[in-house]
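Features of the protein shown, as given by TrEMBL:
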{"type": "COMPBIAS", "residues": "628-637", "note": "compositional bias 'Polar residues'"}
{"type": "DOMAIN", "residues": "758-819", "note": "domain 'CBS'"}
{"type": "REGION", "residues": "619-638", "note": "region 'Disordered'"}
{"type": "TRANSMEM", "residues": "31-52", "note": "transmembrane segment"}
{"type": "TRANSMEM", "residues": "88-109", "note": "transmembrane segment"}
{"type": "TRANSMEM", "residues": "130-147", "note": "transmembrane segment"}
{"type": "TRANSMEM", "residues": "191-214", "note": "transmembrane segment"}
{"type": "TRANSMEM", "residues": "278-302", "note": "transmembrane segment"}
{"type": "TRANSMEM", "residues": "322-346", "note": "transmembrane segment"}
{"type": "TRANSMEM", "residues": "414-433", "note": "transmembrane segment"}
{"type": "TRANSMEM", "residues": "470-496", "note": "transmembrane segment"}
Amino acid sequence: LDYDRCINDPYLEVLESMDNKKAQRYEAVKWVMVFAIGICTGLVGLFVDFFVRLFTHLKFRVVQSSVEECTEKGCLALSLLELLGFNLTFVFLASLLVLIQPVAAGSGIPEIKCYLNGVKVPGVVRLRTVVCKALGVLFSVAGGLFVGKEGPMIHSGAVVGAGLPQFQSISLRKIQFNFPYFRSDRDKRDFVSAGAAAGVAAAFGAPIGGTLFSLEEGSSFWNQGLTWKVLFCSMAATFTLNFFRSGIQFGSWGSFQLPGLLNFGEFKCSESDKKCHLWTAVDLGFFILMGIVGGLLGATFNCLNKRLAKYRMRNVHPKPKLVRVLESLLVSLTTTVVVFIASMVLGECRQISSTSHSGNDTLSLQGMSEDVNSSIKTFFCPNETYNDMATLFFNPQESAILQLFHQDGTFSPVTLSLFFLLYFLLSCWTYGISVPSGLFVPSLLCGAAFGRLVANLLKSYIGLDHIYSGTFALIGAAAFLGGVVRMTISLTVILIESTNEITYGLPIMITLMVAKWTGDFFNKGIYDIHVNLRGVPLLEWETEVEMDKLRASDIMEPNLTYVYPHTRIQSLVSILRTTVHHAFPVVTENRGNEREFMKGNQLISNNIKFKKSSILTRAGEQRKRSQSMKSYPSSELRNMCDEHITTEEPPEKEDLLQQMLERRYTPYPNLYPDQSPSEEWTMEERFRPLTFHGLILRSQLVTLLVRGVCYSESQSSASQPRLSHAEMLEDYPRYPDIHDLDLTLLNPRMIVDVTPYMNPSPFAVSPNTHVSQVFNLFRTMGLRHLPVVNAVGEIVGIITRHNLTHEFLQARLRQHYQTI
C-alpha cells in the first residue's frame, strides 16, 4: 500500500487551493464516514446474529424433540440423521460461498493484519467478500462446526471500512457516485483500522478493546486523531448492535441490555455465602500455573494446526475445488457424529438442584440467569437430573460458555476432560477448512472447560472450598485463548469489558502475559503462523538487536531499473512490461562529455537541461547559505566566508554549472559481482553514477500513457498536456494494467516528461544508516520504497519491504558473519 503521500505538482496545486474552510469540511466528512462505518458494522453483526439464532433454535428444537421421542422408541439413528441433514446442508452452503470468493475462508484476521501492516491482499476488502463472509459464517456456525462468528466480524467491519467511503464497488459497477474524497491508500487504511476495531467492538461489546486491537495487531502508522476516530467508530458499532438486539429480544427499544454478540454474563457470589470471593491473592499462584499450561496448550494447538495447514496446501488446495467442499463436509460429518455419540454415551446425570452441596459458589437456580437455566439438557437422565455432556454439546457455543462460567459446580471432572479433549482436537482440525470461521469462541469454550476442571479438582481433592468456579473458568478461557492468539493489551481489555468486572483486570493480565511468554518459547501465534504460511512480508514492531550490525548498503537492491526525466514511450512500455517493480527512480547520468552528447539529440538535451536546472537550484541554495553565514555576527565566521567568497561578480551560469559538473568521476566498487545487469557491461557501465531526482510509481506511469501525456521530439516539453490530481486518481484503486494497453494508439517515438508527476522529495537514507533506523523509518511512515542516496545525491540502491523481512535480514546477517 502506498501510505506515503506523493508530493508532486498536481498535489501541490490541490494544496494551493486548500483553505481552512475546505480542510474543516474534509474533516467533518471523515467523522461522518467513521460514524456510518460503525453503524453498518453493527448492522452486519445484527444480521449474522439474528439468523444464527434462528437456524440454531430451529435445528435444536427439531433434534431435541426427536431425541426425546426416540429414547422411548429406540430410533436414535433417525435423530442422528436429522442432525446430520441440518449440519451438512448448512456447511455445504458455507463452502459454496467460499468457492465464490476464496479469501472469505477462515477468520480473516491474518488478512486484515496484513492490510493494516501495509500489504495489499487481493480481494480482501471487496463487497463480494463481505457478503460471502457474513452469509458463510452464519451457515458454518449454524451447521454445528466448532467455529465462532467473532473473528469474521472483524473482517466484515474492515471491508465495510474500506468500501463505504469509496461509494463504488467493482461488483456494482453501474452504481456510480461522484464522491471526490478519500481516493488514496492512506485514507483507506485509516478507515480499515476503524472498521476492524468496530468489528471487535460489535463482537464482544468492547469498544476500547476494539481500538486497542486495531493498534496492537495492525496499524503501523498511528496518531492521536486516528485513535479518537477509531474509538468513536467502535462506540457507534457497539451501541447500534446493542440497541437493535435489546429491542428484538426483549422488546425494550432503547434499553441497551445486550452490548455484544458474545456476552459473559454477571460474575457474582451467592448472597447467602459470606465467605465467597471472586478471587483472592492465594488464587494468583494457581492463575500463573494455569497461564503456563494455557501457553503450552496454545503452542500445541498452533503446532498441530500449522502441520494441518501445510498438509492442506500440499494435498487439498492443488486439487479441484470440489475436494475442499468434500473436506468441509467430512469435518462436519465427524463433528456431528462425535457430538451426538458423546452426548448419548459419555455424559453423566447430575442433580439439577443441589441444595446440600457445600461449595461456596453454589447459586440457587432462581438466582441464575434465564439463559443458563433454560439451556440444560436432560437426555437419558431421570427426573431432577440433567446430562452434563449434552448440556455442553447440544447448545450454541455462547450458551455452553455461560454454563461453564455460571452454572453450579455440577460438571464431573471426567466429562470436562473428555469435552476439552474432543473440542481441542475438532476445533484444531476445523480451523483452516474452506468455510468462514472464527477462533475466539472455540478457544474460550475450550479454555473455560479447562478452567472449570481445575476448579473441580481443587475443590474435590485439595479441599479449597473458598474458590469461585466461574473465575477459574474465565481465567482458563483467557489462558488458552492467549496461548493460541498471543494478544496481550487488547485481549485483556476485551475480557474485562465483556465480564463488566474491573476486579478481574489483574488476574487476566497476569494470565495472558504468562501464557504469551510460555507459548512464544515454542512458536508464534496462530495468526502470525498463517501469515507466514501465505508468504506475506509482514513487518514486526522492531528488528532484533543484532541486526544493527548491518547497514543500508548491506540490504539494499543495487541493480536498479530507472527512468529518465524525459523518456520515450517505447522505453517506458518496455520497462513496465518486463519488470514487476511498482516504483522507479527518476535519474540523470553523470558524464564527462555532456556538451557533445547534447548536440543533435533533443531527448538527451532535455534530460541534461533538467539536471542542470536542479544543480543550479542547489547552487542558489548554497549561495544563500553563504550569504546568511556572512551576515552572522561572529567575526570568525565572517572572516572564513570572506576568504572563500570574493566580492567579484558571479561567473556566467554555464561556467558555474560546468565547474559543478566536472567533479570527481570514479565508478563505485563492484560490491555485488554476481548480480551485474549484464556480463558485457564494463565496470563503469554497471555502476555509473546516477543523480537521483525523485520516484515515480508504476500506476502513475501507466495513467500517463493511457491518457496520452507526451510531446513530440520537435516540440518543447511545455506542450505536453497536464493532468490534475483528480484525473491522476480517477482510476483508484484499480489502475489500468500495462498489458491491457492498446499499443497501436501510442506513438513509440513520442517523449513523456515525468518530472511534474514524480515525487521529488521521498524519504531517503544514506548507505551507512543502521538497519534499525531504516526499519523504524520504513515501518513508522508506512513506506513502500526507500531510496539509498549517497552524500553527493547519487542513488546507489533501493530498499523495499522484501529487504526488511526477518528471513532476508537473517540471510544477510549470515553473509556478514562469513565475510568477517
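Each residue, glycine too, has its Cβ placed from N, Cα and C.
Automatic, uncurated: that is what TrEMBL annotation is.
Among 31-52, 88-109, 130-147, 191-214, 278-302, 130-147 has the largest number of CB pairs under 8 A with the transmembrane segment (414-433). Most Cβ pairs within less than 8 Å of the transmembrane segment (278-302), among stretches 31-52, 88-109, 130-147, 322-346, 470-496, belong to 470-496.
Between the transmembrane segment (31-52) and the stretches 88-109, 130-147, 191-214, 322-346, 470-496, it is 191-214 that has the most C-beta pairs under 8 angstroms. Recorded stretches compared: 88-109, 130-147, 191-214, 322-346; the one with the most Cβ pairs under 8 Å to the transmembrane segment (470-496) is 191-214. Packing against the transmembrane segment (88-109) from elsewhere in the chain are residues 55, 121-124, 126, 128-129, 131-133, 135-137, 139-140, 142-145, 151-152, 154-156, 158, 217, 321, 324-325, 328-329, 331-333, 336, 431-439, 527, 530: each is 6 or more residues past its ends and has a CB under 8 Å from a CB in it. Across the domain 'CBS' (758-819), the DSSP tally of helix, strand and coil residues reads 28 helix, 15 strand, 19 coil. For the domain 'CBS' (758-819), the model gives a mean pLDDT of 89.
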